Amino acid sequence: MFLSNVSIKRPYFASMINLVIIIFGLISFSRMGIDREPNVEFPYASVSVTYNGVNPKTSEEILLKPLEDALKGLQGLKTMYGSAFQGGASIFLEFNLDTDGDKAVNNVRNIISAVNLPKDAEKPIVKKIESNKKPIMELGITSKSLSTQEISRFTLDEIKPRLQRIEGVGDVLVYGYQDREIHINLNSSLLNAMQISPSSLKGNIENQILNKPSGTLRSTFINMGISTYSIPYTIDSIAKIPINIKDKPLIRIEDFSTVTNSLAEETSYSEYNGVKTISIAIKKESKGNILQIATNIKKEIEKLNKENTNKIEIITLSDDSLYIKDSFNAVLFDIILGAFLAVVVVFIFLHDWKNTFICSVAIPASLIGTFAVIHYLKFTLNDLTLLGLTLSIGILVDDAIVVIENIHRHKLMGKSAIKAAMDGSAEIGLAALAVTLAIVAVFVPIAFMEGIVGRYFYEFGITVATAVLISLFVAFTIVPMMSSKLLNENNIKKENKFIILFNQFFNKIQNNYQNILKRILNRKKTTILIGFIIFILSVLLLNFVPKTFQPDIDDSKVYFNFSLSQGTPLSTSIHRAKEIQEFIRKYPGVENVSMNVGAGETNSVSTINFTIMLVKPNKRNFTKNEFTDHITNDAKKFIRSDKEKIGSGDSYKQIQVNLISSNKDALNSYSKKLIEFINTIPEAKGATSSLQDPAYELRVLPNRLKAASFDVSLNDIADTIELLFKGVKVGNFYADGRFYDIKIMLPIKINQTMNDLTGVLVPNSKGGQVLLSSVATIEKVPIDPVIEHINGNNNLNVSADYYGKDLESAVHKIESFINKTIPFGVTHGLDGNSEFFKETIKNISSALLLAILFIFMVLCAQFENIKAPLSIMLSVPLAFSGTFLALLITNEALSIDSMIGIILLMGLVTKNAILLVEFAQQKMAEGMNVEEALLESAVVRFRPIMMTTLTMIAGMLPLILSSGAGSEARANMGIAVMGGLISSTILTLIIVPCAYSLLVGFKPQTIKAKLHFRKKHKLKNS
């Protein structure tokens, strides 16, 4: 081989080239980000619009539908999810994966800007959605000395800005705070006595409190802005503001109200281990290094705590970087242990430290060199790139083993070190190249697989392919160069007892294999038939292997929620939340509990969200899923009515079904039937639908005739009610360097009754007042709290957690039930992991077929015939039997990870067959018949085949035995690959020689092959 010869003749050149790769790799490693998942950007966008006070049904008609109608023809749009709720509407847009996300968002903005919405609605907000939008860290702010207002202001003015300035930090969201407000609390009795309507006060007070730009004073030398400024600085100055109402004596605000220094209405509440907190959720930028960001956040928290010892304490509620750090360290340990075990296997076979050292150099050189490439491609060190590197350990030393073993064999022939290095490298070069290209060919379809799964595994495929290619370069440069220098004439040492015993044992196995192969070659058709039967049985075995999207990862974090009946006041929700929190904290294995009311996705104060951190898995005797199941069942004792529900707080359920119809009654009825069926599946837990119990609205229905007879306008009715029961901002108050809202309202009463509403006095156009009950009736009306759409149609989402291993079986049962029972006019579609699983099966099946095709094409190009590739390709299906049997024995599911492992196997299992067939062809070109060539190949290639297989198994062994963070997914893939390697190695050594013998026949190789062989050796010796 050209590279090998150059490296042997110019050792410094070869060393410097490899050293450059290592240096760039080390520099790249130091600069690479560490994350849990690859930085994958998906073309998602959201539209939200606020219209205070509008109910969900009205929001659907005047906000949601106009927006959906405008967006439904958007280019590249895949799915549109709409939601109408109290006070506004929102739309989530999912585009096809080949759509440019930035262009899509700009198109959405252009379309939305032309939609005619009500003038009182706020301007719609369009955002590009980050795919990884979960907070990386959550903090709690507590204080023993500051008031609620003071701690709220300190959090907003000091803590939040300092956190936002940290490099890599994205959004910083604050929950549970209350800002200062000035309340003008109206005395309705005094107003009634003065014959003053509340609505007439609003405009009067607004005219007295203003800060209005009023033009510019221009002169020759300077221009100065003019503003009319009348902002109060004290509570007393607000109380003294005069109010001038037509035909009424001049009065002051203090004459009919009490002005108080108050707080904004509390809309959320947070606690940590029973202590009230203000919660902060921190999200990172998409390209940020989570470990570095988390480290900088912790440093800033430490500074803030030291600077404000007597004021506040900042507590870390949850920190994803801890799990990621544990996972990174666990994988790093697996890589080091795998490399060590691989080196031990090499030493056992070569029983020489020099050969072992030469071979072992390939591992760090290839790994470190890979960092340079994947850093250039802007990859991070995440679960998938690290998994790729871990799986590569056994493969990286593969080429080096094949080369060093062949050089070692030539050395034993009595050749000099340099001659052995040249001849050994040249002889094995084509086989090593074919093996490597076959493995790389596998990762082309993985790297370019379609769908969301393809986006995530792109980095995995590129990482392994890069590592394997660099290992081939190392095997053709450093390995022969070092062999020529270290394997001198005195290198053959006296063998010790262990070496003698090992060689005797191995030679016995090798001889037995050769004898077995002699007999099997006389029964080729029977042997191939047996191989075919084994393959059929392995396919049948697949029916007994559970199938799921992804193994459950135990990250010790449990989400749990408790939904109270719609309309439950915040105070009641807090009281109930405290009871449940105390119950959770007493549970064994619970480290801490965070509780939030009104801080979830819906911001409903009737929903209580808990985040429970468990002790690490190695410190408890139950899994995260077992804990969730137990606590969900035990917490049922807190349910007080059929309107209350318990569920996992993780909104992304394993089982999700969208029901779509224009008939809401049909949706509601069928969703209940579907939930009942899902609850019959033992492993499905907490089946529920997005259908919420109705909330209630007091609807004021003006009588137009009566209102007209009393000279009362409908707007005056609405304005008066809003002012009294909601409060209206009438200006700003300036204090402590900040502006605060001034609101006019009735004093908040805990126990308001219908009389408080019917007894309201409404102004008329003649300056008088009329009882609301005289001009309107009031009805209590049930309303949907949230109205959901998919692509403009009514939608209900039925979801459930799944704690079993066979998700496919559960989904199949559900789809069969739906197909048999779904009523006319209702359609359905899978969502969540159910959808991803079906998409994954489709995409991975396509990738598997492409991988097999690419390997076959590489082999055809390599061997310049079709018979050798066909016989080699028979080793591919032989891997399935071992994979499926290994998964079944270990009770592991066939998941996305093990399926990717199977594709990886396609490249690995052909390696042994290539080594056998390639050497047999060399011998046939020298004149041997096919049987003689195969038997010779069996003897010569048996040792490198066993060495490479065992080193790959040794390299993957830590994956299977690992118990660190994220080990579940790594073990799943490791078991699949190891099982396939073992079965394919055993069966390949038997089936492939029979197939090749049948295909080629008993004739010597063709004249063309002989000429090719002679030409190659002539060039080599020239």
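For all residues, glycine too, the Cβ spot is worked out from N, Cα and C.
According to TrEMBL, the transmembrane segment annotation covers 12-34, 330-350, 357-378, 384-407, 428-448, 460-479, 526-545, 844-863, 870-890, 896-917, 938-961, 973-1002.
Same-chain residues lying 6+ beyond the ends of the transmembrane segment (870-890) with a Cβ under 8 Å from its Cβ atoms: 528, 531, 534-535, 537-539, 541-542, 544-545, 852, 855-856, 859, 898, 901-902, 905-906, 909-910, 912-914, 917, 975-984, 987-988, 991-992, 995-996, 999. Counting Cβ pairs closer than 8 Å and at least 6 residues apart in sequence, the transmembrane segment (896-917) and the transmembrane segment (384-407) reach three or more and so form a contact. In this chain, the transmembrane segment (460-479) touches the transmembrane segment (12-34); three or more CB pairs sit within less than 8 A of each other, excluding pairs fewer than 6 residues apart. Of the Cβ pairs linking the transmembrane segment (357-378) with the transmembrane segment (460-479) and spaced 6 or more residues apart, 3 or more are under 8 Å, so the two regions touch.
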